[in-house]
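The structure appears below as structure tokens.
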Amino acid sequence: MSKEIKFGNDSRSKMLNGVNILADAVKITLGPKGRNVVIDKSYGAPQITKDGVTVAKEIELEDKFENMGAQMVKDVASQTNDAAGDGTTTATVLAQAIIADGLKAVAAGMNPMDLKRGIDQTVKAAVAELKKLSTPCSDSKAITQVGTISANSDHEIGEIIAQAMQKVGNQGVITVEEGQGLETELDVVEGMQFDRGYLSPYFMTNHESGTVELENPYILLVDKKIGNIRELLPTLEAVAKASKPLLIIAEDVEGEALATLVVNNMRGIVKVCAVKAPGFGDRRKAMLQDIATLTGGTVISEEIGLDMEKVQLEDLGQAKRVVINKDETTIIDGIGDESVINARVSQIKQQIEASTSDYDKEKLQERSAKLAGGVAVIKVGASTEVEMKEKKDRVDDALHATRAAVEEGVVAGGGVALVRVAAILKGLTGENEDQNVGIRVALRAMEAPLRQIVENCGEEASVVANNVRQGEGNYGYNATTGEYGDMLEMGIIDPTKVARSALQFAASVAALMITTECMITDRPVAASAAAPDMGGMGGMGGMM
């Protein structure tokens with residue numbers, strides 16, 4: 001296929017057009033008074049969002065050269081989202097500002113490579129200054145503020161995220177689901193829960209709630225199917241003598257074995273319940289081992305030479321309480337040794353770092369949290385499906401932002417931190433004048449997020465930016481109320497990781513785009529050439 005090629009200013013102006021189209025659509029969502037974007041869907045209701053990366057991902061341009069520019073800025077938003085979970089709109093605004101000023105400098109005859117070096121030098125220095133300005137985010141109040149800001153000033157969402165982090169710890173697993181009602185609720189599952197219920201309703205002990213409740217049970221963990229009751233008899237006899245209930249977790253319990261367990265349970269000979277082990281294949285083996293670690297038991301597996309007929313009481317795990325319904329099993333207060341549990345959690349964390357799959361990472365994080373202390377589920381409530389999706393996006397953003405804040409601390413929000421960093425770096429110089437221009441391009445761009453927030457409020461950006469520049473420390477502009485003051489005291493804070501990631505990714509892609517001299521794409525195919533008429537088939541004449 002033949003190619004279309006553009007050089008120099010021709011290529012750069014097309015690329016800038018694409019950047020501007022995407023950035024203009026994204027940046028109207030920035031700040032507390034940012035507007036919504038409505039996205040048409042090929043099925044279902046349109047999506048309403050204020051999430052920068054969601055808007056960016058929807059944009060594809062007809063002109064292939066413009067589209068290349070748009071896709072590169074889309075990459076800025078995606079990378080920032082992957083690294084920090086928020087700050088995608090800020091990153092897009094920064095990238096647009098650096099690219100626009102940088103391309104003007106190239107058109108004026110500056111050396112693109114020196115401009116890039118100047119920009120890179122500035123960003124490196126700015127990241128170091130951001131870390132100095134950062135303050136730790138450890139208390140519940142600060143976490144609430146970060147969540148509130150990231151959820152578009154929705155205090156309810158900030159409060160719920162802070163409560164969730166309080167319950168399961170800063171590193172605990174917090175998942176977001178669509179709720180059934182109008183209110184957003186927090187559901188905390190203490191202990192280890194997995195999505196397997198009882199194998200027979202005849203095991204039920206509480207018919208009102210439809211659950212099996214076992215107090216101080218023994219727990220038998222088996223990595224195979226159990227079909228023959230003879231294998232289970234020694235364990236059942238030992239547990240019956242100890243006058244304790246028994247929970248069996250196995251690949252499956254079927255036929256004669258299941259029927260005998262049900263009969264024993266109904267006659268009151270031994271209180272017992274059987275459930276399938278969670279997961280499949282290697283993941284099932286790993287999760288059985290997790291349960292064994294938590295309950296101080298041993299997984300009975302023929303692979304390591306353990307036979308079910310020789311099981312002793314010492315091989316069984318124990319817990320304070322187990323609650324099982326038709327869908328889930330929850331093990332509360334296993335008696336496992338804390339040092340062994342911590343070692344298992346550390347081992348899983350190493351696997352998370354080594355994993356390249358997002359799905360595997362998510363599953364490993366869930367396993368780690370279940371061992372470490374529980375899972376919190378935020379159930380998002382809304383009146384309509386459209387509102388539900390929009391609100392769920394905001395909760396996801398807020399959750400990522402609070403995690404980032406706990407990780408690297410917080411700085412003054414509303415674009416103020418970057419303005420302060422730019423002021424500190426005013427005296428920065430490069431090796432030549434072209435590098436100095438690159439430094440000035442990056443420093444000017446650092447004001448762009450503040451200016452855009454103010455523009456989205458309908459105020460005069462230059463006046464506000466000038467007032468903020470003249471202030472010191474955390475002094476800034478509260479876009480919600482239109483007042484000036486200490487941003488930290490007003491609760492307007494940004495995670496340092498979000499500000500840092502936005503600046504680094506924006507500058508990285510923008511600097512590369514400034515050094516572009518040639519663009520190549522497939523030449524558009526004419527419609528007539530793309531779909532030739534179907535010829536006649538032998539013996540059938542021409543086809544109409």
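Using the three backbone atoms N, Cα and C, a Cβ is placed for every residue, glycine included.
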Swiss-Prot ATP site partner of Thr29, Leu30, Gly31, Pro32, Lys50, Asp86, Gly87, Thr88, Thr89, Thr90, Gly414, selected from Asp333, Asp337, Asp486, Asp494: Asp494
Structural state of Thr89 (ATP binding site), classified by DSSP into three states: helix
Cβ-Cβ neighbours of Lys50 (ATP binding site) (radius 10 Å): 21
Proximal but sequence-remote residues of the same chain as Thr89 (ATP binding site) (Cβ under 8 Å, at least 6 apart): Val26, Lys27, Thr29, Leu30, Gly34, Gly52, Ala77
